[in-house]
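Undergrad: Please find one structure pasted underneath; my questions will follow.
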Amino acid sequence: MIKTVLFGACGKMGKVIGKALIDATDIELVGAIDPYFKGEKYEKIIGIDKISLEVVESIDELQEDFDVAIDFTNAEAAYQNIKKVLQKGKRMVVGTTGLTQEMMEEFKDLAVKNKTAILIAPNFALGAVLMIQLAKQVVKYFPDVEIIELHHNEKADAPSGTAILTAEVLREEMKKYNLTHKDATKIEKLPGARGGKLDSINIHSVRLPGLVAHQEVIFGGLGQTLSIRHDALSRECYIPGVLMAVREIVKREGFFYGLESFLNREEA
């Protein structure tokens, strides 16, 4: 049985993950952490009576030992949470976005120093991970590519972590084959009309109520276009990826970025 604790347990994503952890037969939720709901009964918050768990403010208040901590909070909170967990020699699965490259280098050092493991994934939807892998294959033949990502209007950061990861993967693949994306635009009549850029790859962000999380990678070629799109229709789509990450991270040591690190289970 893998013992887990959950940071951001009472948030929108946290409640969905909490229910899934409780329902899993090989995983046990032993700690629910959320400073905004300190002292409340977690079973009442998520509407499940299978457990009796009091929400605590921080990991320092936990009485139970654990194997894996899961974080879906914000970048500022996650930074402190991750450091504490890794320093304890415990494993970590992180879905929080907005973490900087400098932070990740620090986490990598902590994981190695404490002989533990951390996975940071911009997206836990298996369909989104496969979308990136498919796009990696396509860009060899269609190097003219742009990314459109669409999210709910409460998302704080833009572009999304998934869009950035997609662009990074495509950039590296294009470098490998010495490919370039041609863009003749010289005048933007409105600043930012062509979106943000990661090297030569344009990323366009849409924020609207009614959306959840969506991304389209559009490739253009002579007389044709090819689009790869993923739509997250509810937060439940992330659950299979989160559970897979929890089950796999206990077998690993080191720093991992992106759920694709765990897709080939035979390598674990």
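Positions of Cβ are set from backbone N, Cα and C atoms, glycine also.
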Undergrad: In Swiss-Prot, Gly8, Ala9, Cys10, Gly11, Lys12, Met13, Gly95, Thr96, Thr97, Ala121, Pro122, Asn123, Phe124 are given as binding NAD(+), so which of Asp26, Asp34, Asp144 is in that site too?
TA: Asp34
Undergrad: NAD(+) site residues Gly8, Ala9, Cys10, Gly11, Lys12, Met13, Asp34, Gly95, Thr96, Thr97, Ala121, Pro122, Asn123, Phe124: biggest Cα-Cα distance, Å?
TA: 22
Undergrad: Through the lens of DSSP with three states only, how would you label His151 (active site, proton donor/acceptor)?
TA: strand
Undergrad: Cβ within 8 Å of the (S)-2,3,4,5-tetrahydrodipicolinate site's Cβ centroid: which residues qualify beyond His152, Gly161, Thr162?
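TA: Here the nearby residues are Thr97, Pro122, Asn123, Glu149, His151, Lys155, Asp157, Ser160, Ala163, Ala213, Gln215.
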Undergrad: Specify the nearest of the recorded positions His151, His152, Lys155, Gly161, Thr162 to Asp34 (NAD(+) binding site), where nearness means the distance between Cα atoms.
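TA: Sorting the recorded positions by distance from Asp34 (NAD(+) binding site), the top entry is Lys155.
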Undergrad: List, in sequence order, the same-chain residues at least six positions removed whose CB sits under 8 Å from that of Asn123 (NAD(+) binding site)?
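TA: Long-range Cβ contacts: Val129, Gly161, Thr162, Leu165, Ala213, Tyr238, Gly241, Leu259.
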Undergrad: Does DSSP put Cys10 (NAD(+) binding site) in a helix, in a strand, or in coil?
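TA: Coil, per DSSP.
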